[in-house]
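Quick look at what TrEMBL annotates:
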- B:106, B:112, B:135, B:136: ATP binding site (BINDING)
- B:132, B:136: Mg(2+) binding site (BINDING)
- B:158-408: domain 'P-type ATPase C-terminal' (DOMAIN)
- B:186-207: transmembrane segment (TRANSMEM)
- B:222-242: transmembrane segment (TRANSMEM)
- B:272-290: transmembrane segment (TRANSMEM)
- B:310-333: transmembrane segment (TRANSMEM)
- B:340-359: transmembrane segment (TRANSMEM)
- B:379-399: transmembrane segment (TRANSMEM)
């Protein structure tokens, strides 16, 4: 203990010793775990036996997901037989021309029975929705409040039109709204896609106003994507809401709608695509996806595989540890293994 | 001179088996010259005398080289003034270093400071000076660490020192207990600080590769601002202020623990770089596991795909859990403070998400209801966090497991001994006695108020 008896024993002298408390003397009750071999082995074995089942259930869930991905941007545009640069320019011209017929029919065969709700997505690759200037280009106040329509800060260049009237909704994110449309035929019978409630609830109720209407949208010289129906308020424009939740990575999917009936195996699904969206300028890819979901979501076996790998590695390490420990046993707490006892100093 | 030698024997600075080397100007020739009054001649003769004495002493030491005899040097103030002159100070230092103890008696405060400076500059080692009077102030200021004893001779020494103690014998506790603890705390704290900021910062860097290096941060601004303030700061404080690898009693019992600080084992370059590497590897594991597990597919049963907000929350949650659990793995001492700070920081992150997400979307932008609406109902979010956190900590855990088993450091050995003794019951007795002593002391202090 830090304080001694010293001269403070005599009752007449005032003791200068500070009052004792467990906190100030750093003697709080403590739990002091250390890494014993038993604990280490138990930890690795525990990891192994919990992670492997989790990984297996992940993998089985992911295997149960039925997913169809179809890339259509290359096939849905006419090919030009000139040199690559000219062909590239011709394609861009084609996609920008409003008068060309952009209908394209794709055929998909259902591999396994798909239970409803079946989710329909469009997937874009090499589209950097996470670019800083793009993400910045929005004004949340304007989207919520009709009286804030003049607030177009950060939305440049899609802030005001040529008459200096504000664009609602302003910004590059809204301006580049995806405008390919899909309609499905199952055995030549139209298959309805439910486009209600595809956006997050909080977007509908709080982020976008129920009395904010699009105005002057896509009214400048360069049109970036879809146009909006000016009589529908923003918070009911589900496609816009889904698009405005910017994606994290350059390759992403966005929810387009839901199919509310089951699809049987080997059924032929025809997808009639209006190939409007211009990804050809930057060589992006467009894909049409239909997928079921399980408790873990869509199809991705990465998580399951890694769980199993980590669990397996832990068991392997536990076994390796035990064998090394048995082959080269050393008494615990043996000070002869300390470095300065192994090589005694010369002085 | 005689008094000094007797005191030396009394406090074991000098032992019976030590050879004494005495350097003094108390010889007949010098006294005669002094009587004559010629200052110049006296100085010259003194200089020569000291030079000869030092040389003889060195020769004597060389003749004993290889055997285990130790030497004690005793020098008085008058001789010291010559020994510290320009031409002699190097050989004097050389002689003094090779002695086990050196006693300088009747030295002036200036000489005390000069001797300290000589040793400090000549050897390049850390020097500690301890003194209790106003005449020690020069020495205390000169040394790297000055310890002043407050009390009988006034407060001068205490006021000009780096550490003030009440009695000389507290020096043992100051060095062995507090010195050891402080060394471990500071070195671990600095290494850990680099680690946690690298783990966080590099996830942002890896994200930039996926955002065409446009400078878009992966997380909401306020998450990043509060990282070092709320979510990871308190555990570091708990480490830097309260951590004890070995209890005070054991620190005193095994003075060899102090050697860890002298050899700079806990703050060597391999250790620092190792922690930094740990941070970078953790950030890689966090980033690549989270992004590869979310790719494009839905992350919930209702079909929603992952967007920027959800990925940000998922990665940040993993970072917060990983760095806090890394702290829990690095320390061996958990009081209520450590538990509260570590687990409290993690819980505070979730509480913060809920609170911030409840604020209007004008302010909370991408964090609006992200935990409550999007992440919490998704089993993928929780299972993903678990996997990423365990995987990031696994390399360090593996390293520690193998290190404590096959290449332990001294505090690991002592902790193991204590643990065994506790489990086998021997320490029970010692512990009981210590606890009874503590209780008695408590009672005495209550009585003496």
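Just so you know, glycine gets a Cβ as well, placed from its N, Cα and C.
Shown on the structure are the features that TrEMBL records.
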residue : record              : Cβ contacts under 8 Å, 6 or more apart
B:106   : ATP binding site    : B:1, B:4, B:76, B:77, B:78
B:112   : ATP binding site    : B:104, B:131, B:135, B:136, B:138, B:139
B:132   : Mg(2+) binding site : B:148, B:149, B:150, B:151, B:152, B:153, B:157, B:168
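Checking the binding-site residues B:112, B:132, B:136 against chain A with a Cβ-Cβ cut-off of under 8 Å leaves no residue at all. Distant neighbours of the transmembrane segment (B:310-333): 188, 192, 195-196, 199-200, 203, 207, 218-220, 223, 231-232, 235-236, 239, 242-245, 278, 282-283, 286-287, 290-291, 294, 299, 342-343, 345-346, 349, 353, 366-367, 370-371, 374-375, 381, 384-385, 388-389, 392-393, 396-397, 400, 415; these residues of the same chain sit at least 6 beyond its ends, with a Cβ under 8 Å from one of its Cβ atoms. Apart from the site residues B:106, B:112, B:135, B:136, the chain places the Cβ of B:107, B:108, B:109, B:111, B:131, B:133, B:138, B:139 no farther than 8 Å from the centroid of the site's Cβ atoms, the recorded ATP location.
Every protein chain considered, the tally of other Cβ atoms within 10 Å of the Cβ of residue B:135 (ATP binding site) stands at 16.
Among the residues B:106, B:112, B:135, B:136 said to bind ATP, no two Cα atoms are farther apart than 13 Å.
Mean predicted confidence for the domain 'P-type ATPase C-terminal' (B:158-408): the pLDDT average there is 92.
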